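Student: Please read through the structure below; I'll follow up with questions.
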Amino acid sequence: MDEPAGAGVTAIVTRHVKPGHEAAYEAALAALQADGAQFDGYLGATTQRPAPGAAPLAYTSVIRFASVAQLRAFERSERRAAFAAAVAPHVVADAAWAEQTGLEFWFSPPAGTVVPQPVRWRMAVLMVAVVWGLVTLVGGAIAVLWPQGPPWLRLLLTIAIEVALMTWWLMPLLTRRLARWIYPASRQRAA
């Protein structure tokens, strides 16, 4: 199935930097992130630096793109290849990449948010309200429209519709609309 317009993807990249090479690595990383705006669909990047005295020196970058196709274009770009070549002498091994596009990023903070995690109990309240509403509406509608259908198939259809609505429409909309409630302690940077 094709990815819907507006679906985001997050790449999580971890590199282990050789001791004494932090400044060179950070300079190359800063240059790559500064160039990020030239890539279509680039939504931003942040980097978690290792704690002082930590070993190994793990740098984790979180890179957001509007779509998987746009992330793939970045991954195949000459700029990223040049970055990989430039940092090769400063890292212990190749980067570890992970991508996430699913439920775990429904609760992405609004632009400029300083606090990294939403309030968990508020996420749970929102999810309970959304799931209850969808089960009631979608499940009820399917029961009325297809009362003679096999129960297992009606349930499967209900779940498929609910997950699609939550993933591509309802949760992204509610997360944006309720951001101040989900992230009450967050502070916005001046734009």
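Any Cβ shown, glycine's included, is placed from N, Cα and C.
Where the annotation comes from TrEMBL, it is an automatic prediction and has not been curated.
A quick note: this is a predicted structure, and the numbers were derived from the prediction, not measured.
TrEMBL lists these features:
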type: DOMAIN; residues: 9-85; note: domain 'ABM'
type: TRANSMEM; residues: 124-146; note: transmembrane segment
type: TRANSMEM; residues: 152-171; note: transmembrane segment
Student: Between 0 and 100, where does the mean pLDDT of the domain 'ABM' (9-85) sit?
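Tutor: Averaging the confidence scores along the domain 'ABM' (9-85) gives 87.
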Student: Mind tallying the domain 'ABM' (9-85) by DSSP state, helix then strand then coil?
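Tutor: Within the domain 'ABM' (9-85) the tally stands at 33 helix, 25 strand, 19 coil.
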